[in-house]
């Protein structure tokens, strides 16, 4: 007979590698790989807990393994005093692991101590051990083998308590009944033994091929009448090369020998786990891992016969992520699955045997087919360092978004005070203004054609306008990188009003960039805002358009906020006064409105502007006073030596805020103004 | 179900690094103190094998019994020394000394006397005394006969060392080294010459170690120097050499077993091995994580271990390779994140190593892993301001993790960073999604996710001392290069420039409550409109939480001047209030219960109540002497089904809390007896391993016997005599010898039980049985003989009495006779 992992291939050997979850809390997952090594993984953090190589691992490969029922860790000490706080460390802890080998010996390995505990050999099996079961209540261990015998061991003495012939062919699987008084064995047929007398109680037909798994599915019989603890119980069996898992019922009369019902799966079952149902109503949940790497989940209330094989309620598959058309997703085999204590989630073990990934998957979806996408490419390189330092480093890559003060998203976007209905209106309007920009573009060309001779002196303004409208990076660079303050002033003065907003937006974009270029942009920004303040203040949707700029400035001038606010306001006032004086002296470059809408009580354009301006300033001062009252105390420690940048930025920000308010006030007649444009 | 009273139980988190860890002789186990207990760990698997409990105060020292390597001494602040059998985890003896014991020492060749550090009448003055531990059969022994040895010593056991097979003892304190020679009964004192020089004021001694073979003392100093003292037999002729690598104080020193190299460690987190006592010849093991507090060496010489300030013990191979880490709950610094539960793994999450979040398994009482949030190399040096992880929160059943880190060098320079991590199912790990620099202008005081399932988009709210709270939402951040999602700020709220102190979402996520100092504001989470405000003017709000399930219309708040208020959100009025100085208030996520821990002069009291009524459902007075700092409800895997009102709150979740000294406590309803099933029911597998050639001789004999038995009943059902089913035998074999009554009393009982239990048994089988028992007993004693000869002698003499010896010797004779028959020819063939 071939050894499980040996060179020769036994067609009737069960597929899969012996593996098991530790009982109760499933803290560990033990796996005996075909190279003869036993590896124990921690399920909670997917870490290799220990490795053990039995001394005869090449000749006697591990064929099956079973965890001992949880033992108590700390023993009672003889003088325990009553104390307020006691240790709870006396929890059940999985320790012993029984390993059956291909040569017939059974090893007991202590996972707590990390060493071999005992070796059960004398009087035991002479051939490959097929299945080991621990008795849940006493110290007995049952094993079956290819040598046709079933052996009852006492783990206290490590001796054979009893050995009997289980079948005429090799016995492949065992299971102990929930009350601990009966034993199921599967050889050629499935037999139910009474443990006390070692007599056969019932026979079942079994499978055509060796049975690889046997499990009781119910704890208590469904019948209401008092029973002997075994009659009426259901159990499940799966076999090598068999796509059907059969359910059998222990009947009181010894006639029925065939299966009550069956579950059908896609391939040979390699690992079976189920939740025991404790009463009649509770369905049995069954998870079957097949050789093709899928998990099939069944949920069924066991209640008598069912002729048609049941198909699974849910199938779980795992695949690698595919990247476009180049990399197609590849399936990742699931190796084992176990229900968690809450019965609502499943522990899945997948990947390769040497570095499996253990994951807890919640089962709350109603889908009949779940495909999980998992990337296990990094699992191929086992990191020894993590095992010792226990540090996990989360991924920090460049794809993460970085928000710094001033960048949109760092602060709430500025919205108009009124709620959604108004906003929708605004949006519509925004669309309409965009449309008008296009119109204006058309108008621009006409304009230029019309007064080509005027534009001789201010090629920069033309360039800038062109650049903004075509969004040409090179032109913009050429213009905006000027350092000449006067040139900037003149250019700004000469640009048409319609490009003011695009210019501001371009400037905002550049301000967010490198500090050096930002310093240049400040000059531009200052000029635009001082010269076109009056125009800007008439725009209804200015708050939305320049909100980002406002926030940017807000965050950049945080250091001397109050002082620079005041400074900015003063500069604005002074420049406005001087500008108005100048404008009296010299005529501004003619910018004819394309359309002049005249109301009945229409006034001159310049008159229209002045009162608006005034109201703006008045408001400004009011607000200023308020804020000073509120936080006047803080201003003492502010220093005088603020640099140019601060000043400039400040006036801008004050400006915007004032404009925002203004818009709020002058919401009544935005239509007029847009028409005027 | 019989319901027991609810008790407070400790569930971990005691300091493992309080004293040096100790190796067993075979290096298989490592012992360390842990609060009132001694823990036995396996050096290979890092698992806790036993917890030795019996002391009633902090354990202050442990040592392996030099005369029996299977026994362990421990001394404690409760004034007792206890002797343990660590293999089985049994207390053997208790010696009552009396005064508080700070440290103890057992030099190799001192007969039955141990040395203890006790404090004199005045505080902070300690002396070294020796005491003879009397030989006695009784379990409780008084030993109050103290002999004075040295005065004015340092209380730390690191400052005392016994050298050269117990010939002398070296003690250091401040700037002095004193050596006391036992034979000459003479003390030599050495003072560092540089003490007068103010420049070298950092010369203080910190620790001392003695060479195991030679007359050489190594001392560590505050300034990082190590001095090797020789020739200290006379006050004048002494010499010392200086080894200098550490830039900060030397925390501990240890010589290897042979004395060829010296190990030192300190705050640099580097273990330094000085070979041959020369400065040039040194090896390093760097990056051990945190400062090394203790170093110990296994008696076999193959392993070292270092105890670190972050409650960790690192086991290191002789070739300076770290092989295992025993990590307790990290408690290096203050816990500012509070306690959280990771919804995915159900692990407890709190501050861990500097810049890390630790995930701690409550079931296994061990650390799962540390998640490196800050990802900066931690430089452990005094005076450096570190970036600290101050807040963290899980959202959306564990898919999102928000962390806040801050670094503040001085008042005006605050560096804040918020990181939002996404749990990637594909790679099964956290991936940084959004990094926000300076999310607020001042400290962030609270952080909460909207965890309601009805909301498809997660919402995060941060409250800050700058007077604002910000609402962050997850938005689409795709561009032409990639598809992505990222967090952006959606709303900024404030209330009259008051500092925002707390925030929390209602259970269904429709309301957000933010407290601004004394005022609670309620916001609609759809439109971010201010719905209403509650102002109690009763002090600043300390905690804020909404009721759950049936009590979801209530909002609870506590203030810092000791008032607990409950507001009704439907009527917008106060429902009830109570005078209670609440330190911790936690709602149970799975029920409508709320737990509050109040601080009173006597200690901390626990109150469990429903917000709907002001009557507490359960009160537990004095849950801890210290202040309780944090608490959390951890959902149970399998819900309990208590019916009584006082227990109902424990059905779905369990309440854990952390005290100021950072011990983690919880409530349990199980009685201690229930948790400890009696030893007779335990599954104790006998160890049986045919390994050595010697055991093969024994094994052959056993096999022959076994073969005989199987021959008698070929392939038929074989029922072996079930000796282990006879209670008297199992009792006799599995009860430790020292607790058994005298053997003369047992003998008749034992024999009787054999005769009576199997009446039907044939006469032939009975002697067979006895024979087997005899064999087994002799086997046992053989094992013991191998390991500790002395012990067996004393044990047999004292405990078993003459009858037992007689019996044993009989069976031994039998054994010997069989030995003669055994074929030894294979030995010659070897």
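From the backbone N, Cα and C atoms, a Cβ is placed for every residue, glycine too.
As written in Swiss-Prot, here are the features:
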type: REPEAT; residues: A:124-163; note: repeat 'WD 3'
type: REPEAT; residues: A:266-308; note: repeat 'WD 6'
type: CROSSLNK; residues: A:308; note: SUMO2 cross-link
type: CROSSLNK; residues: A:308; note: SUMO1 cross-link
type: MOD_RES; residues: A:320; note: phosphothreonine
type: MOD_RES; residues: A:393; note: phosphothreonine
type: COMPBIAS; residues: A:581-590; note: compositional bias 'Polar residues'
DSSP, reduced to three states, assigns residue A:320 (phosphothreonine) to coil
Cβ atoms other than its own within 10 Å of the Cβ of residue A:393 (phosphothreonine), all chains, total 15
Secondary structure split (DSSP) over the repeat 'WD 6' (A:266-308) reads 0 helix, 21 strand, 22 coil
Rounding to whole Å, the Cα atoms of residue A:308 (SUMO2 cross-link) and residue A:393 (phosphothreonine) are apart by 51
Residue A:320 (phosphothreonine), Cβ-centred 10 Å count of other Cβ atoms over all protein chains shown, is 17
The rounded CA-CA distance in Å from residue A:320 (phosphothreonine) to residue A:393 (phosphothreonine) is 22
The predicted model's mean pLDDT over the repeat 'WD 6' (A:266-308) is 85
Excluding its own, the Cβ atoms lying within 10 Å of the Cβ of residue A:308 (SUMO2 cross-link) add up to 8
Contacting chain B at Cβ under 8 Å, from the recorded positions A:308, A:320, A:393, are A:393
Per DSSP, the repeat 'WD 3' (A:124-163) contains 0 helix, 23 strand, 17 coil
